[in-house]
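Pulled from TrEMBL:
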SIGNAL    1-24  signal peptide
REGION    194-226  region 'Disordered'
COMPBIAS  194-211  compositional bias 'Basic and acidic residues'
COMPBIAS  212-223  compositional bias 'Basic residues'
DOMAIN    241-276  domain 'EF-hand'
DOMAIN    293-328  domain 'EF-hand'
REGION    353-455  region 'Disordered'
COMPBIAS  359-380  compositional bias 'Basic and acidic residues'
COMPBIAS  381-395  compositional bias 'Low complexity'
Amino acid sequence: MKRLSVLLQQSLLLMTCLLMALEAVPIDIDKTKVKAEGHVEGEKVENPDTGLYYDEYLRQVIDVLETDKHFREKLQTADIEEIKSGKLSRELDLVSHHVRTRLDELKRQEVARLRMLIKAKMDSVQDTGIDHQALLKQFEHLNHQNPDTFEPKDLDMLIKAATSDLENYDKTRHEEFKKYEMMKEHERREYLKTLDEEKRKREESKFEEMKKKHGDHPKVHHPGSKDQLKEVWEEADGLDPNEFDPKTFFKLHDVNNDGFLDEQELEALFTKELEKVYDPKNEEDDMVEMEEERLRMREHVMNEVDINKDRLVTLEEFLRATEKKEFLEPDSWETLDQQQLFTEDELKEFENHISQQEDELRKKAEELQKQKEELQRQHDQLQAQKQELQQVVKQMEQKKLQQGSPPAGPGGELKIQPPGEHKAGDAPQHPVGGDQPLPPGHVQEPAVRTDQVHP
C-alpha cells in the first residue's frame, strides 16, 4: 500500500504518498541511535496534514483500503498510468464486503458533513430553500449523484481531486505569502502617514536598522549541496564529517523506510540552515518568511534532484545528484531578504484592490447603519402609538367614573350585581300595597277586607 500512499500525496503524479506512515524527522537527536534501533514495525505514525478541506475523508478511505488484501496486492503491481487512467479504481468491485460497507459509511458521513457546511454558509446569508444536491456539485472529490454508496467512480474522483488540488498547493502558498508581504509594507506606509516629520524619520531609521540586523547572519549553504548535507550529518546526526557517505545519509533520513525522500523528509533537512537566519525570539525575524524560505529550498532541491518529477527522491536519484558539479561547487543561495519580493507596480495594484474592498465595506456599513436607523425609527413610532393608546384607554376610564358608570374590573367587565343576587339583608323592603313594582312572575295576593263578615 506504500506505493499508493506515495502516489496519492504527490502533486504531479497523484501524490499517493498519503498512505505512507509519515512522521516528523527528529533531526535534533543522535542518529547513530536511530540507525541501531531501526524502524519499529506496526508503529502508529501520524500523517502530515495535506491542507485539503477533505483531508480527513481522504485519510479514512486510504486506511480502509489498506485493510483489503486483494486491493493491496493489485496496488503493488500497478504503475502510475494505471492509477491515473482509473484502472486501479475498478479493482474496488473485488474488495471484501466489509470494506465496501465501511467505505459506504464514510461516504455518507462526508456527504452529511458537506451538507452541514452548505447549510451553515447559506444560513450566514439568510438564504432559504437550499438545494443540497445542486450545491454538492461544487465538490469534486466524490460522486454527489450517489450519496449513499462508495463506487469505483468515487475512488477515481478522490485521487484526481487530490492530485489537482495538491499540484496547486505550493503555488497558492507562494501567492498568499506575496500578499502577506505587500500587506505588511502597505500597513507600514499607512502608519508613516499618520506621523509628523520627526517621528517618521525615527521610524524609517528603525526599519532600516531591523532589516540590516536580520540580514546579518552566517552563510546559508545551498540546499542539497554537499556542504549543506555534511552540516546536517555532523550537527544533527552527530557523525564524523570526514566519514560522510551519501548512501548512509539517505537511509538515515528516509524516516519511514519506504525507499523515498518525500517532501516532508526533505524540508526537515533545511532546519539547520533556517536557524541561521530566523529566530522566533528576535523582533526582526518573521516566522512566516521562514516557512516560505523552507518551501523554496524544498522546491529547489526537487527541481535539481527529482528526475522523473514525481515529487519523490529515490536513492538512485539522490546518488546521481551527488555526482554533479553543482553538488560540490554550488552557486550562492539568496535568502528572501536578498530578493525583491514585489515591484512598486504590484504594490500599487494591491493597494488599489484593498481600497476597492474598503469602499465596498464602507458602503455596506452605511447601508446597515441606515437600516438600523430605520428600524429604530419604526420602533420609536410603535412605542409612541402604544403610549397614545394607553392614554386614550385611561381617559375613557376616567370619563366613565365621572358619569357614574360602574368601573370596569380587571378583565374589563362591569362591576354590576345581576338581579336577584343581592346579599342577605340588602334586599329592598317594599311596604304592602306600596307603589313599587313587583318582580316579574310574582302574583299579588288579594287584600283581605277586615269589614267582611264570614258566616
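From the backbone N, Cα and C atoms, a Cβ is placed for every residue, glycine too.
Remember, TrEMBL labels are computer predictions, not curated facts.
Looking at the domain 'EF-hand' (241-276) alone, the prediction's average pLDDT is 92.
The list of residues near the region 'Disordered' (194-226) in space but at least 6 beyond its ends in sequence, with Cβ under 8 angstroms from a Cβ of it, reads 188, 244, 269-270, 273, 276-277, 282-285, 297-298, 300-301, 304-305, 321-322, 326-328, 330-333, 335, 337-338. DSSP states for the compositional bias 'Basic and acidic residues' (194-211), grouped as helix (H, G, I), strand (E, B) and coil, give 15 helix, 0 strand, 3 coil. Taking H, G and I as helix, E and B as strand and the rest as coil, DSSP gives the compositional bias 'Low complexity' (381-395) the counts 15 helix, 0 strand, 0 coil.
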